[in-house]
Amino acid sequence: MSRDGDARGLEAEAAAAAEAARELREAAAALVATRAAEEDALRRRAVALDADVRRLQGSLPALDPSTVDKVEEELERARVAITDSDVASFLPSKRNGKFLKTFLGPVNVRVARKEDKLKIKDEYNNYRDRTAYKFLLFPSILLLLRWWIWDGCLPAWAVQMYQAWLLFLYTSFALRENVLIANGSDIRPWWIYHHYLAMLMALISLTWEIKGQPDCSSKQRGVQLFLRWAIMQGVAMHLQNRYQRQRLRTRIALGKAKRMDVVAGETAGVEGQLLLLYPVLFILQGFEAYVGVLLLQTALHGLASEWQVVVCGILLVVMAVGNFVNTVETLVLKLRFKAKMKRAKSRQDRPHEN
């Protein structure tokens with residue numbers, strides 16, 4: 001009898017559990033349906049408001065110059081409020097670019113929660129900081145060891161290991177930046193293309209024959225100049241990282257930038273850093289072009305017969321020209337923004353003067 005009682009008790013508990021599971025399933029389905037309806041309503045509102053902001057921004061040229069700045073500022077605040085909040089998750093998602101599809105396939109890399117997006121951005125910034133130190137450290141070590149241990153002649157394996165690290169570095173930069181763009185970050189297209197070109201150059205340089213003695217100094221002149229350029233690149237990266245972070249904090253505080261942005265287009269007023277940053281950038285770009293031209297001259301004079309020398313020289317010149325054009329465009333934007341701020345300030349001061 002006890003066994004029959006236990007069996008009936010277990011059967012009753014199992015039936016109760018099944019009934020509870022059914023009720024829980026129905027409650028979950030109802031909740032999901034309700035949430036889906038609410039999300040659909042929010043999605044329609046978000047898309048409509050985003051379209052209205054874009055339409056109003058397109059109408060700015062028709063406004064009177066005396067009012068366009070104020071209207072533009074209000075619309076920019078509205079845009080940031082939409083794209084830099086949880087509202088962004090209700091806007092149509094950007095599709096993965098060809099680069100991400102090539103490496104990851106048809107995987108959705110967009111993150112729903114704002115906190116997770118910011119973690120991706122913070123990790124990217126930290127990665128840039130760590131990379132700047134390595135850009136200074138690795139080529140400096142190679143140049144020092146060249147004199148102390150390798151008798152003025154770099155071994156091929158050391159240079160190829162460095163180029164392999166560069167290939168990994170620029171590939172990781174491109175992947176991280178494409179993921180950031182998919183999650184709403186504002187990154188200038190040129191920097192993505194620059195990393196694609198740098199990846200190609202690092203890949204080609206892995207097959208470049210590093211010749212040694214005799215006359216090692218002459219044969220490796222291009223490699224030595226490239227390492228010195230890399231050291232300058234590390235210095236520039238340090239300055240850029242520090243300046244851009246301060247500038248972005250100011251734009252976010254003003255409501256003119258999203259917290260997911262990593263590069264902004266206007267100045268935050270740190271003039272001391274600008275006076276140092278831009279000369280360093282222009283010197284670096286000039287030296288980069290010089291190294292590229294030197295490689296081309298080396299190939300033309302018959303000192304190197306490898307096709308890799310010619311391609312790497314062309315890529316360095318192209319990257320130097322692209323960096324120069326992008327830097328000038330950024331500087332022009334800063335000057336325009338300063339002029340705009342002065343005009344706005346003068347209009348604000350006129351009522352007080354009257």
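Glycine is no exception: its Cβ is also placed from the backbone N, Cα and C atoms.
Taken from TrEMBL, the feature transmembrane segment applies to 131-150 (among others).
For the transmembrane segment (191-210), same-chain residues at least 6 beyond its ends with a Cβ under 8 Å from one of its own Cβ atoms are 99, 154-156, 159-160, 163-164, 166-167, 170-171, 173-174, 177-178, 181, 220, 223, 263, 306, 308-309, 311-312, 315-316, 318-319, 322-323, 326. If you look up TrEMBL, you'll see 191-210 (among others) marked as transmembrane segment.
According to TrEMBL, the feature transmembrane segment maps to 275-295 (among others). For the transmembrane segment (275-295), the list of distant contacts is 221-222, 225-226, 228-229, 232-233, 235-236, 239-240, 243, 304, 309-310, 312-317, 319-321, 323-324, 327, 331: same-chain residues at least six beyond its ends, Cβ to Cβ under 8 Å.
Feature annotation from TrEMBL assigns transmembrane segment to 307-333 (among others).
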Let me spell it out: take the transmembrane segment (307-333), skip the flanking residues so only those 6+ beyond its ends count, and list any with a Cβ under 8 Å from a Cβ in it. 188, 190-191, 193-194, 197-198, 200-201, 204-205, 207-208, 222, 265-266, 278, 281-282, 284-286, 288-289, 291-296, 298-299
Contact set of the transmembrane segment (131-150) with the rest of its chain, CB cutoff 8 A exclusive, min separation 6+ beyond the ends, reads 158-159, 162, 165, 169, 173, 224, 227-228, 230-231, 233-235, 237-238, 241
